[in-house]
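Trainee: I'd like to ask you about the structure that follows.
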């Protein structure tokens, strides 16, 4: 029997007994030595592992040395492994709590210096690989499966994107199929009216286009005015019959001309003929969709919502989102290998369209209570950049460039605010957060983000009392209203639905929650700011008749928040007088919006009908929804100070009665923004569902 087996250079056996110091002694038990000395390694001899000199080197009087470098071999203790695993799980939970995508963050933080040297065979991967700089859009999408394939040009001349996982590029390479390099440019033409009451004269088109590009396009910048007008004049690819009719339908919502209505007595029929024409053209264009198809779908979605067709509008916006990915707009052209094929104007247009749809998605999620369909992590697109003067630029006019730079800066401000909105929606929904500490931490984080956004907002985008009609964009008020609405949505989960419970708690001597008081203060304060902005806007522009739809949700949210502050038992009519004045301002805004936007009219009438159904006498209840006077051709683009007398002089003391129906009516926002019926007599006894998934 062999008492000791020969071992490798790294692990040797030595006597286990302390009384014996010589290896190989009969009867001695052996153990593994962690390392052999350098001399024994060289001779491949058995080493005893004694320090500072092994027995073999001592017997031969040879210098014995041990290496201090670790070879990475051996087995760690199980307790240490478990400790590391527990620590990793704990850190991952911390990252998940802060809604941090571990995989995306790891891609951002992986420096090139830690990667092994690349060989010549890796040059292709390196050419399209991800940079450690977060400013490189391809770093968010590790390009090996997503952005290492070129854009394709279909038979219609439109660029489309297919990633490497589709297999299309491998097949084309094997079959040696060429890709067309020069796109065909579809030409745009003048509209042909489908209704006898609609004129197709050039002045009507010019009138409606001016309304659209002044009042709607700066807020929803899905169409570039310069490229559109240039293409319309030269037959370029950025104007089509479908897009033109869609824009004319949208512009018709801001006009009081009766010749654009299919029913002269119904203002909601304004633009219906253009919309019908666009939908007929859409059926054919969906066979070979392009950039103008995507733009038209977005505009048609807004027009459908304006007419009260909320399901149709939601569908059109959803189709635009799907087409966006088909055209590859979710990946910045600078990250694609053959991006040089696109002109500088088209690169900026693709960015502009992508971020416009991103903002539409966030605003729609807010006022419908539905989940976000476009997430920031799903795309890697640079923000729109300010244009520079160039001899080859389409718009080389100094005034035009200045206006374009202003709109780009405004658009970027809205984008950054919508990113915070996404953060609020994703942290609160769809999973319920059980821990109050987690809710408070999320609240503080998002509140800080909102405040930072407002502090960093350019002064030219802050609507002040001294603002003038020519010195400020009208859409600035909508931007600030979205900011205050975000504060309302952030604080809303921490506000009690039954304010009377707070009175009972205070009577019982229970300590008040300081955090809840902070949330209530922000909740009511933001609602008041929305009302104040409405008054300031009216002082400058006269009315909300030409406003985009977004203030509808802002004023509705503000009204409900202010009503909740009036519903507590301890809130007397004297202390609520200022609140009632603010509520009246919000209701007036909804009335002014009701001509262009059917959802605002439904909310306005529903509030009045609900009060009337409960037996409360409302002064001037028989009067119709306030509308601005008809605008003639010359004044269609100008505002006069014409405050509406129907609501301004109304006695609003009846609003204190709403404390009795606060619990019964629940949250009106819970229904889709466009689902509230005009007459809710049969609905009043049923509480509406909550507007946000976290409630």
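The backbone N, Cα and C atoms fix where each Cβ goes, and this holds for glycine too.
In TrEMBL, annotation is done automatically, which means it is predicted and not curated.
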Trainee: With TrEMBL as the source, identify the stretch among 44-76, 77-109, 110-142 annotated region 'Disordered'.
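Mentor: Within the set 44-76, 77-109, 110-142, TrEMBL attaches region 'Disordered' to 110-142.
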Trainee: In TrEMBL, which of the ranges 1-29, 146-174 has the region 'Disordered' annotation?
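Mentor: Checked against TrEMBL: region 'Disordered' maps to 1-29.
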Trainee: Could you please provide the mean pLDDT value for the domain 'Zn(2)-C6 fungal-type' (36-66)?
Mentor: 85
Trainee: Count up the helix, strand and coil residues in the domain 'Zn(2)-C6 fungal-type' (36-66) according to DSSP, in that order.
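Mentor: Split by secondary structure, the domain 'Zn(2)-C6 fungal-type' (36-66) comes out as 12 helix, 0 strand, 19 coil.
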